[in-house]
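For reference, TrEMBL lists these features for the protein:
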- 354-365: compositional bias 'Basic residues' (COMPBIAS)
- 374-386: compositional bias 'Basic residues' (COMPBIAS)
- 400-418: compositional bias 'Low complexity' (COMPBIAS)
- 5-398: domain 'Protein kinase' (DOMAIN)
- 354-432: region 'Disordered' (REGION)
Amino acid sequence: MDREFIAERQKGLQNYLNVITTNHILSNCELVKKFLDPNNYSASYTEIALQQVSMFFRSEPKWEVVEPLKDIGWRIRKKYFLMKIKNQPKERLVLSWADLGPDKYLSDKDFQCLIKLLPSCLHPYIYRITFATANESSALLIRMFNEKGTLKDLIYKAKPKDPFLRKYCNPKKIQGLELQQIKTYGRQILEVLKFLHDKGFPYGHLHASNVMLEGDACRLLDLENSLLGLPSFYRSYFSQFRKINTLESVDVHCFGHLLYEMTYGRPPDSVPVDSFPPAPSMAVVAVLESTLSCEACKNGMPTVSRLLQMPLFSDVLLTTSEKPQFKIPTKLKEALRIAKECIEKRLIEEQKQIHQHRRLTRAQSHHGSEEERKKRKILARKKSKRSAVENSEEHSAKYSNSNNSAGSGASSPLTSPSSPTPPSTAVEHAPF
C-alpha cells in the first residue's frame, strides 16, 4: 500500500486503458464496455436474442437453429445463428438479430414495412436476403451462409465462423490485395453505393466485414442497419469532421477506409492520414487522398460519381447480366427521406458538441498558460516597482542632503508644474 507504488501502478493502468480504448476494434469489445460502463452494459444480449428468435420460430416452424455463431460480428447488440431449413437439411443459412439503435426515426409501421421489403431488393452487388421480419423493438433477417466469407476475411486470411477479435485484431500476416482486385472490388462497391444513393436509401455502414465475396463479385451486406438506426463502424472517425455531415459523404469516407485496408492489408493508424505508404499505383493514392487526407476531411468528400470517374476505376469493365431492381413505394420513400434528415441532424449536433469540447479544451489549456504568463509579468512588475521606489528614495535622500548643505530654502516644497494643487484643508471642517 505504499503511496508511490500505488501512484505508479495507477499511471500504468491508465496507460493500459488508453491503449485499449484507442484501438478501434478493442474499444468496441463487449468486455471493455462492460468494464468501463457496467450500468449500461449489464444485459445479456445473447439471451434477449434467443428469446426473440424462439418467438419467431413459433410462427415459422420450417427453420431450425444449428448453432449460435458466437461473437463473429463487432456489435454487442447484434447476434448470429447458423440455420437450416427442415426439408433442405444440407443448406446452411445465417440468421442475424439486432435491436434498435439511437438513429431509429422511422415509425414502427414504416420500419416493419421497409424491413419486409428488403428481400425484394435485387442487385448484382447486394447480397440477397432470403427472409426478413421485424417487430416494434428489433429485426431478424436470414441470408445464405457463405463459406468464402467477407472481403475482410480475404484480406486477413480468416475463417468466417471465428470470433471477430481472433480474426482481425492481431493478424499474423499483413498483405494488401492485388491491384486488379482493388480496382474491380472498388468499382463494384461504388456502383452499388450510387444505386442506393439514387434510390434515396440511406446506407452509412460500409466496411470490409459488410462486403460478402461471391465468385469475383463483391456484394453489400446489412442494408437493414440504417433502418434499425444502428451506429456506423467508423462513426468515431467521421464524427470528428464537420464537413462529413451527410450519409452520402459518410459512405465516401468509409469507402476511403475500405480502400486503405484493401491496399495495405490493415486499417490506417489514425485519420486524417498525413502521408500514405507506397501503393501498387499512384491512382490508388489519389483516391485515398480525396477521402482520408487532412485536406479532404477539412474541406469535404467527393461524390461517388466523382470517384467513379477517377483513373483507378474509370477503365474497369463490369460484366453482369443481372438487372438492378428495388421498388420502394412513394410513401416509404418520403419516410426514408425524413429519417435520413434526422440521422444527419443528430450527426451534425454530435460534431458540433465535439468541436465545442475541443475549443473549450484548447481555450482552457491556452488560458492556463496565459495565467502563468500573467503571474510572471505581475511578479516582474512588482520587482521593477520595488527597485524603482528604492532608487527614488535614495535619490531624494541625496538631493535633500545636498540642499541642506548648500543652505538653500529647502523647507519650501518643490512642486512639478503638472502636479495638482492640493485641496484646501478648510473643506475637511466645513459643515454638511
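Here the Cβ of each residue, glycine as well, is placed from N, Cα and C on the backbone.
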Along the domain 'Protein kinase' (5-398), what average pLDDT does this model show?
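Summarising the domain 'Protein kinase' (5-398) by its mean pLDDT gives 91.
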With DSSP, how much of the compositional bias 'Basic residues' (374-386) is helix, how much strand and how much coil, in residues?
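Per-class counts: 13 helix, 0 strand, 0 coil.
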What does DSSP give as the helix, strand and coil breakdown of the compositional bias 'Basic residues' (354-365)?
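Tallied per class, the compositional bias 'Basic residues' (354-365) gives 12 helix, 0 strand, 0 coil.
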